[in-house]
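Marked as substrate binding site by TrEMBL: 63, 154, 289, 323, 409. Here TrEMBL flags 121, 122, 260, 324, 325 as pyridoxal 5'-phosphate binding site. As annotated by TrEMBL, N6-(pyridoxal phosphate)lysine applies to 289.
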Ligand SMILES: *Cc1c(COP(=O)(O)O)cnc(C)c1O
C-alpha cells in the first residue's frame, strides 16, 4: 500500500472486510465520502487519536459508554490483575469473586438483590421482558404476557428488544419479525402546550398510561420506561413525576415496572441512577453501557426478592431459562468494580455538578443561537434542537464536527453532547467553540430558508 497514508490504508481494509453498525456503508464510499470513516489508533481521557496525529474529542462518550475517560489507569490495572488470575469461567455451576462482589454492590446501591447478567444492553432488555412474563406464568397468570412502552422509546435492536423499541428507522424493515408492544404517549417536556409545565406534560402522559392499563393490565406483564431521558429519541427529557405516577399505576394494576437505565445509569443524569430523582424503585432495572466504564460489554438486570421467589421451585421449568456463554464474565465484572470504585474515590457525582454547571456556561452561545430551540440539560447530558431545512442535517453536522476535532453525531435535528465526566475546563472550551463553529458551517450549506421559529416539525 505504498503511497497510501496510514489512515487511508486502514480505512480501505475496514471498508473491504468490516460491516459497520447502524451504517449505510455506501455513505463511506471513497468517491464523495458523505461521512469519513476514522481509524483510531489509541485513546486517552476524552481523546481519540488517529494514525496521522489528528485527535478527536469524544463528546458522546463513544455511544454513551465511557464515564471516566478512555484508558483509565485504575480500570486498566484491575483488568490486568484479573487477567493474571481468572480470565473466564461459565457461570452455571460455578461462581467467582468479581461477579459476587459486583452483585452485592449493585444490590446495596439499588435495593434490588438479585442480579442476572447479559452482555449487551439489548440482552438486558430481553432478560427483563422474559423474566417478567415468566414470573406471571409461574404465578398462574399466563395471560399477562404483553408489554407497553413509551412513544419514541429505545431498548435495543435484537428481535425481542425491537418489540419495545419505537423508532421507525430501526424497526420498519424488521416489523414482520416482531411481536410489537403497545406504546403510550411520551412525557417529553417539549410537548408542552402554552402555559403547561414539564410536570403537567408528565401528568398528562401518566394519565394516558393509566387509561391504557385500566383496559389492558390483565394481559400486560410490564411497562418499560427510560427514566428521565429518552436518549435515542433525541435526548427527550421529562419530569420525574412521570416515574412516580408510573410506579403508582404499576402497583395499582399489578404490572411490573421495568426501568431501562442502560444509557442514563451511572451518573449521567446527576444521580447514580435516574430513578432516584423520583424516589421510587423499579421491579426490574436494566444496566449496561457505563457499567464497565466503557471498556467491556456487560449488562445486568437487577430485580426484587418477590420476582426471584416466583422462580424458586423444585421444577427446572419454573426456573429462569436464559443464558449467554459469557454471562458474568470475570474481566467485565472487574472493570465494573473498578468503575464503581472510581465513583467513590473521585466523588464523581459531586464533581459532575460543577462540571455540568461549567459546561452549561461554556455552551451558552450555542444555547442562545437563533436557530436553537429547546436548549436543555440534565446532569452530564446537553441537547439542542436545531431548526434547519437540511434533511441530512445530522450527517452534515457530524462531518463539520470532525473538521473541528470533535466526535459529535446529532440524532436527526437534535444536537447533543454527553462527554466523559473527566472533561476539563480547556477541553470544555474546545468542545463548546467547535460545536458552535460546526453549527455555523452546517447552516451555511442550507439552500432553502429555515423553518419558521416555533414550528416543531421543522426541528
Ligand atoms: C444503547 C441502549 C440499549 C441497547 O444497548 P446495546 O448494548 O446497544 O444493545 C438499550 N436501551 C437503551 C436506553 C440504550 O440507550
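Here the Cβ of each residue, glycine as well, is placed from N, Cα and C on the backbone.
Taking the features listed in TrEMBL, we show where each one sits on the structure.
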residue	record	CB count, 10 Å
63	substrate binding site	15
121	pyridoxal 5'-phosphate binding site	27
122	pyridoxal 5'-phosphate binding site	22
154	substrate binding site	24
260	pyridoxal 5'-phosphate binding site	33
289	substrate binding site	28
323	substrate binding site	13
324	pyridoxal 5'-phosphate binding site	16
325	pyridoxal 5'-phosphate binding site	9
409	substrate binding site	17
Rounded inter-Cα distance in Å - residue 324 (pyridoxal 5'-phosphate binding site), residue 289 (substrate binding site): 17
Candidates 121, 260, 325 (binding-site residues) with Cα within 10 Å of residue 289 (substrate binding site): 121
Annotated binding-site residues 121, 154, 324, filtered by Cβ under 6 Å to ligand 1: 121, 154
Neighbours of residue 260 (pyridoxal 5'-phosphate binding site) among the binding-site residues 63, 154, 323, 409 (Cα to Cα, within 10 Å): 154
Inter-residue C-alpha distance, residue 122 (pyridoxal 5'-phosphate binding site) and residue 154 (substrate binding site) (nearest angstrom): 10
Residue 121 (pyridoxal 5'-phosphate binding site) and residue 409 (substrate binding site), Cα-Cα, nearest whole angstrom: 20
Cα separation, residue 121 (pyridoxal 5'-phosphate binding site) to residue 154 (substrate binding site) (Å, whole number): 11
Pyridoxal 5'-phosphate site span - longest C-alpha distance across 121, 122, 260, 324, 325, in Å: 23
